[in-house]
Amino acid sequence: MCSLITQLCDAGQLADYVGLGWLNAVSSQPYLVQALGLQPPPRRVDVDAAFRDAKGLHGHQPWVATPLPGQTVRALFIGINYYGTSAALSGCCNDVKQMLATLQKKGLPINEAVILVDEDNFPGRTDQPTRDNIVRYMAWLVKDAKPGDVLFFHYSGHGTQCKSRGDSDEKYDQCIAPVDFQKSGCIVDDDIHKLLFSRLPEKVRLTAVFDCCHSGSIMDLPFTYVCSGGEQASGTPHMKRIREGNDVLGDVMMISGCADEQTSADVKNTATFGTGSTGAGGAATQCITCMLMNNQSLSYGKLLIETRDMLKRKGFKQVPQLSASKAIDLDQTFSLTEMFSVDRSIQ
């Protein structure tokens, strides 16, 4: 199956990500995430240079679907297994396959996709997930975005922390680790925020999924989901402002695999989640894709609660987080394309 899909991509045809996602990784080995530990603060990202580099970049159409009239749908997928290093993982590229399969199955009409993975022969792969490539393709994702456009971002790999470079709210910055992080350094949350949001206009919808350790606030968004009585309690859920000065014009929602202080677990056999996939993969990705595929009318609040409940039933201690650029009305039906209804009582 995998070799056939690779041949189709090489011939310029479209990949069947649904088939690949549902039958992938039958020979994958189980893996456990080894925490990277505190990393040295990396050099700052030159945001202006990143956008200059992004001008000539293009993605590819991964599948055919009914388009959204007058709207562009663009997506960036990053999966890193760190092959041949002391940081090696086994399921992050599978997570990308699973997410692609889910979005194809749901019919999201992506006009342009970029896939940065370190797995050889990955169908539709754009390039390696180096620090430079991740930075410039983050800029590519949002460049020239206009009101009504829809963007999607998925990262599966190592997440870690470094001492804060001056964020007044946090002692540590959260980071993602590119495939070459040992040589080139990580990418911190401050720079992720600047790359994705500093030039994002109003009425652009962006959904992000981070399946990595220490990812709770990795986009530095101003609002987060809270529940009275604790994260796993049954109290009244609502959005709460946790940051000042980081407001974002677009409608951005992020689901992260765990809180800032937690690690994000991985599963030996994703078939136990009932998503149709097999082999190694991220627990949060598997739960989120299962929720998206099996529940057509979940609210934003229910999407998070049921993802948390599914992980808890499977014996995982991590608590996925939901954060956003606005105080989302948590009773609104979840959508990858629609603008938010906002709870005006929360400032």
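All positions are counted from 1 along the displayed chain.
Note that Cβ sites are derived from N, Cα and C of the backbone, with glycine treated the same way.
Feature annotations, reproduced from Swiss-Prot:
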{"type": "ACT_SITE", "residues": "HIS158", "note": "active site"}
{"type": "ACT_SITE", "residues": "CYS213", "note": "active site"}
{"type": "BINDING", "residues": "ASP173, ASP189, ASP190, ASP220", "note": "Ca(2+) binding site"}
{"type": "REGION", "residues": "1-70", "note": "region 'Regulates substrate access to the active site'"}
{"type": "SITE", "residues": "ASP95", "note": "site 'Important for Arg/Lys-specific substrate specificity'"}
{"type": "SITE", "residues": "ASP211", "note": "site 'Important for Arg/Lys-specific substrate specificity'"}
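Checked against ASP173 (Ca(2+) binding site) by C-alpha proximity, the recorded positions ASP95, ASP211, CYS213 yield CYS213 as the nearest.
Between the CA atoms of HIS158 (active site) and ASP95 (site 'Important for Arg/Lys-specific substrate specificity') there is a gap of 13 Å. Among the recorded positions ASP95, ASP189, ASP190, ASP220, the residue whose Cα lies closest in space to that of ASP211 (site 'Important for Arg/Lys-specific substrate specificity') is ASP95. Listed binding-site residues: ASP173, ASP190; maximum Cβ neighbour count within 10 Å falls on ASP173.
Taking the Cα of ASP95 (site 'Important for Arg/Lys-specific substrate specificity') as the reference point, the closest of the recorded positions ASP189, ASP190, CYS213, ASP220 is CYS213.
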